[in-house]
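Chemist: Attaching a single structure in structure tokens format; questions to follow.
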Amino acid sequence: MSSVVVVGAQWGDEGKGKITDFLAQKADLVARYQGGNNAGHTVVVKGKEFKLHLIPSGILYPDKTCIIGNGVVIDPGVLIEELKYLESEGISADNLRISGRAHVIMPYHRRLDEVEEERRGANKIGTTKRGIGPCYVDKIARVGIRMADLLDPEEFRARLEQNVAAKNELLEKIYGVDGFDAQAIFDEYRAYAERLQAYITDTSVLLDDARKEGKNILFEGAQGTLLDIDHGTYPFVTSSHPIGGGATVGAGIGPTTINKILGVVKAYTTRVGEGPFPTELNDEMGDLIRKAGHEFGTTTGRPRRCGWFDAVIMRYSVRVSGLTCMAVTKLDVLDQLPVIKICVGYRYQDEVITHFPESLKKLAQCEPVYEEMPGWMSDTTGCRTMEELPEKARRYVKRLEELCGCPALLLAVGPDREQTIELGEAF
């Protein structure tokens, strides 16, 4: 038995979907442990692109059990649309299981997300307005509705009526917008419950049984380390824990059951939304990387902010997630660059710092200290072994390993499942 956690080591969008899909070949179960449909992952199999938001990437394999864990917040309407999408592509979701402890995104969560972001004005945090944050707020406030509650009409109605009364007062009196009809929501979500009932179970027991049977388990995170509610660039963060430790809480398994934690990191850096970004390139080079890497959000379509690789960030991710290895993605995006820069530290006032600062104000004042490396100026998309890579590309990867203190396990040289270089075994 082996358990591997896949986490984003930057600000999300690192290519976790592709890496999870690749590793899922040798896994028996694939479990998603946090986030919601604010995150998207794209998987390319034999040139065919699949875009998913809630269902784990492992669903593309017919023999894998896929789990949506208790740490995920679920919009049932979105989930059902995703099931229909997979069905239209000839992919069965019979092996999907959903934790009854996962919290449910309600229509009032989406409305609150929208009006609160509008109220912030210039201080907006860049939410996707899909109700993720407000759903997690209700979870912490202990007034949330869980998937298991949807299956109990009496319990669901009681919780819903109480919540709608409170949310309507907030929406109407504070934000000046219309509230909701509890009966309409009840009818809509009971229909969702009927559709999803067969998938809902105690997934913690399922995972524990699999562990005892010696099966390989892959845990899939969403977003990235720097979007973690505690360890990210607060307040420009998500509402959950994308770091390695989030897997144990969000899937209902003990920390001693984890064998490897793999951090997925791009060969450069991107960010969506607001907040400081020390290596950001607001010039032609940034545009070039954005176009070459097709850097537009899976969920929002927003253009991603692009910059050079930041080793300060990666060392931070190694520390807070306990990364044992890394997967470097989109190495091919750098194929035609004559010079490539790596941020090795930050210049703050009169000193150079090598640790990621806690203060957002301090981070915003940091200037990157760069180390330059020669580009390889050749196509890597057909490479399948380390030896096939150009020497300068191999040197670049080696330097990233040295600066981050983390060995590379996988290299991605294109979006397709086959465009992956294995340097070691995950399971």
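Placed from the backbone N, Cα and C atoms, the Cβ positions cover glycine too.
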Chemist: For the IMP site that Swiss-Prot assigns to Asp13, Glu14, Gly15, Lys16, Asn38, Ala39, Gly40, His41, Arg142, Gln223, Thr238, Arg302, which of Thr128, Thr248 is also named?
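Modeler: Answer per Swiss-Prot: Thr128.
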Chemist: Compute the C-alpha separation of Gly12 (GTP binding site) from Gly301 (substrate binding site), stating it in Å without decimals.
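Modeler: Taking the Cα atoms only, Gly12 (GTP binding site) lies 14 Å from Gly301 (substrate binding site).
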Chemist: If you count the C-beta atoms lying within 10 Å of each candidate's C-beta, which of the binding-site residues Gly12, Gly40, Pro303 ends up with the smallest number?
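Modeler: Candidates: the binding-site residues Gly12, Gly40, Pro303. Fewest Cβ atoms within 10 Å: Pro303.
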Chemist: Restricting to the binding-site residues Lys18, Pro303, Arg304, Leu331, Val413, which ones have a CA within 10 Å of the CA of Gly40 (IMP binding site)?
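Modeler: Checking Cα-Cα distances against Gly40 (IMP binding site), none of the binding-site residues falls within 10 Å.
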Chemist: Could you tell me the C-alpha distance between Asn38 (IMP binding site) and Thr300 (substrate binding site) in angstrom, no decimals?
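Modeler: The Cα atom of Asn38 (IMP binding site) is 8 Å away from the Cα atom of Thr300 (substrate binding site).
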Chemist: For Pro303 (substrate binding site), name the DSSP secondary structure in the helix/strand/coil scheme.
Modeler: strand
Chemist: For Thr300 (substrate binding site) and Thr128 (IMP binding site), what Cα-Cα distance in Å is obtained after rounding to a whole number?
Modeler: 7
